[in-house]
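A short write-up of the structure that comes next.
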Amino acid sequence: MLPAAAAAASLWAPRLGLRGARLRLARQQVPGVCAARQLSSSSQRRSEALAGAPLDNAPKEYPPKIQQLVQDIASLTLLEISDLNELLKKTLKIQDVGLMPMGGMMPGAVPAAAAAAPEVAEGEDILKQKERTHFTVRLTEAKPVDKVKLIKEIKNYVQGINLVQAKKLVESLPQEIKANVAKAEAEKIKAALEAVGGTVVLE
């Protein structure tokens, strides 16, 4: 039995030795494989991060809500801008459009309100002109060549005045021709006086 066992051992020894060598080689290769996998994973994550980062020269895209808000504001009339300005000042507690932004305010609210202020003021002036129903007709200038015609025309609109008084009136301009006149009549007087060389303003 001993010679048979020795023969079997000598037969399997080379195979066992080869298997052990393979195991040692595999163990040596495992760290390298892991390192390669880590490097590949890190490179992939870096590529994904670069792909997701926005480019500096790419145009900024604004949310639809902001775009719609800008379009709505741009379509407002002067009166609506005035109401918006007033409501913003009340909501954001802005005392003066010239003040620096206070805590809790939207960025750019004060500059936007300040930029809209001249347009709002102009719109309010136009509104006041539209709301007025009575005017004062005032003669401010007269052409020398047309003074005679102008004097006669003034006599038609100023009660109780004679030609001498009308002449003195024309020579000492500006003078009030008629006060508290309805819009239609004021425009009629203005047109008549301007037709004979006068310069008229409605106040």
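Keep in mind that glycine also has a Cβ here, set from the backbone N, Cα and C atoms.
Features reported for this protein in Swiss-Prot:
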type     : residues : note
TRANSIT  : 1-39     : transit peptide
MOD_RES  : LYS130   : N6-acetyllysine
MOD_RES  : LYS143   : N6-acetyllysine
MOD_RES  : LYS147   : N6-acetyllysine
MOD_RES  : LYS149   : N6-acetyllysine
MOD_RES  : LYS155   : N6-succinyllysine
MOD_RES  : LYS155   : N6-acetyllysine
CROSSLNK : LYS155   : ubiquitin cross-link
MOD_RES  : LYS167   : N6-succinyllysine
MOD_RES  : LYS168   : N6-acetyllysine
MOD_RES  : LYS178   : N6-acetyllysine
MOD_RES  : LYS183   : N6-succinyllysine
MOD_RES  : LYS183   : N6-acetyllysine
MOD_RES  : LYS190   : N6-acetyllysine
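The modified residues near LYS183 (N6-succinyllysine), taking a 10 angstroms Cα-Cα threshold over the set LYS143, LYS147, LYS155, LYS168, amount to none. Across the structure, LYS178 (N6-acetyllysine) and LYS190 (N6-acetyllysine) place their CA atoms 10 angstrom apart. There are 12 other Cβ atoms within 10 Å of the Cβ belonging to LYS168 (N6-acetyllysine). LYS178 (N6-acetyllysine) carries a strand DSSP state (E or B). In the three-state DSSP scheme, LYS190 (N6-acetyllysine) falls into the helix class. By the criterion of other Cβ atoms within 10 Å of the residue's own Cβ, the least surrounded of the modified residues LYS147, LYS149, LYS178, LYS183, LYS190 is LYS183. Nearest in space to LYS168 (N6-acetyllysine), taking C-alpha to C-alpha distance over the modified residues LYS147, LYS149, LYS190, is LYS147. Calculated from their C-alpha atoms, the gap between LYS147 (N6-acetyllysine) and LYS155 (N6-succinyllysine) amounts to 12 Å.
For the modified residues given as LYS143, LYS155, LYS167, the lowest number of other CB atoms within 10 Å of the residue's CB is seen at LYS143.
In the three-state DSSP scheme, LYS147 (N6-acetyllysine) falls into the helix class.
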